[in-house]
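The domain 'Isopropylmalate dehydrogenase-like' annotation in TrEMBL covers 2-348. Here TrEMBL flags Arg91, Arg101, Arg129, Asp218 as substrate binding site. Annotation source TrEMBL lists site 'Important for catalysis' at Tyr136, Lys186. Residues or ranges marked as Mg(2+) binding site by TrEMBL: Asp218, Asp242, Asp246. Residues or ranges marked as NAD(+) binding site by TrEMBL: Gly281, Ser282, Ala283, Pro284, Asp285, Ile286, Ala287, Gly288, Gln289, Gly290, Glu291, Ala292, Asn293.
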Amino acid sequence: MKIACFAGDGIGPEIMAEARRVLAALDLPGLVVFEGDVGGAAYRRHGHPLPEETLDMARAADGVLFGAVGDPACDALERHLRPEQAILGLRSALGLFANLRPATMFAGLESMSALRPEIAAEIDLLIVRELNGDVYFGEKAMRTLDDGRRQGFDFMSYAEDEVRRIAHVAFRAARGRNGRLCSVDKANVLETSQLWRDVVIETHAEYPDVELSHMYVDNAAMQLVKNPGQFDVVVTGNLFGDILSDQASMCVGSIGLLASAALGERQTQFGTFGLYEPIHGSAPDIAGQGEANPMAMILSLAMLLRHSLGREEDAARVERAVSQALADGVRGGDLGGTAGTREIGDAVLARL
Ligand code: NAD
Ligand code: IPM
Ligand code: MN
């Protein structure tokens, strides 16, 4: 079993260290761990946020554990050299088109939600975010119009096969959960979304046992706060999924809790090849202070164990240890507590 670990920038190395301790404690037979550079750290060392050797390392692994990238000192660089290109490049080069972002309430954390506890208690949803298309990967430019005005330009598109493959992932996920799928789009305004909706409806024919509904993204943002318990699986495009998942994190209690899996079609000896990362970023405002909550990173490791290494029992064990730590009142600063990164890691390890 080969895992590639890319810690990245900001709090990335701090939270990765805790996930690595959990991984070491599991003592998996025959496991080999590689470390590679990504993001601003890679730019400084190699002149590029996603060096070829890092990409090769990812390709050779069964799964990739990714911390976070992003560095304010790099914001003035040309876009193709910015740290964020590392994660965008990995998702794209590795064909990781399906992003699973689960958001479930943890027992004992209801009062930490930005929502009223009785509303928050009902949260058990999965956002299936398309990850290889949309306005993220369309042609983009900063240009000057004939009359001298500057114009920013990002082309938004989805081709039907791109929508169909993510729809299949979402229908299958709904089948394995409570059988309900809500497709979120902006079909009242965008052609991209009209195609999205048409293709999701066509694909539904193969999953008659799944209950399908459609919602405009503005309403979805509102409903997520009003009554998040109504959602089982939500499928949406790259941009809407990015925004809604950060919003879902605060419904649960903190962005420091939400993990994710980015999957494609490639199968490995043990499962599906994937990249696993917290949904949050490099948090430059708290980086280097040992304050970051490593739980999202540790829960991402659990997803890697489940999907890429076929170690369901170990995955469940790690998830139980995190849930138990939260139930026992272990709280980082993001949850109004005082536990630091290392202390939270210790608390999870003690419960493994
Ligand atoms: P962010 O997610 O890094 O931080 C938002 C807020 O949440 C900050 O106040 C931060 O301190 C807090 N936060 C995030 N993770 C936390 C944790 N584990 N524990 C406690 N608090 C936490 O978003 P941002 O500030 O908009 O972006 C910072 C940088 O990260 C940018 O360069 C951005 O592009 C990048 N980014 C990268 C990824 C990724 O690597 N996948 C994801 C999102 C943002
Ligand atoms: C995320 C991040 C990334 C995204 C950025 C850093 C490119 O916000 O993983 O949610 O927008 O997908
Ligand atoms: Mn995001």
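Numbering starts at 1 and runs along the chain as displayed.
Cβ atoms are placed via backbone N, Cα and C, with glycine included.
Only Asp242 of the recorded positions listed as Tyr136, Asp242, Asp285 bring a Cβ under 6 Å of any atom of ligand 3; the order follows the sequence. In this structure, Gly281, Ala283, Asn293 are the binding-site residues from Asp246, Gly281, Ala283, Asn293 whose C-beta falls under 6 Å of some atom of ligand 1.
The recorded positions considered are Arg91, Arg101, Arg129, Lys186; of these, Lys186 has the fewest other C-beta atoms within 10 angstroms of its C-beta.
When other Cβ atoms within 10 Å of the Cβ of Asp246 (Mg(2+) binding site) are tallied across all protein chains shown, the result is 15. Rounded to the nearest whole angstrom, the C-alpha distance between Asp246 (Mg(2+) binding site) and Arg101 (substrate binding site) is 10. Secondary structure from DSSP puts Arg91 (substrate binding site) in a helix.
Under the three-state DSSP scheme, Arg129 (substrate binding site) falls in the strand class.
Within the model, the domain 'Isopropylmalate dehydrogenase-like' (2-348) carries an average pLDDT of 98. Same-chain residues at least 6 positions away in sequence with a Cβ under 8 Å from that of Asn293 (NAD(+) binding site) are, in sequence order, Ile15, Ser254, Gly256, Leu257, Gly332, Gly333, Asp334, Leu335, Thr341, Ile344.
Asp285 (NAD(+) binding site): 10 other CB atoms within 10 A of its CB, across all protein chains.
Cβ neighbours within 10 Å of Glu291 (NAD(+) binding site), excluding its own Cβ and spanning all shown chains: 20. Its Cβ taken as reference, Gln289 (NAD(+) binding site) is surrounded by 13 other Cβ atoms within 10 Å in the chains shown. Listed in sequence order, the binding-site residues from Arg91, Arg129, Gly281, Ala283, Ala287 having a Cα within 10 Å of the Cα of Lys186 (site 'Important for catalysis') amount to none. Close to ligand 2, meaning a Cβ under 6 Å from one of its atoms, are these of the binding-site residues Arg129, Asp242, Gln289: Asp242.
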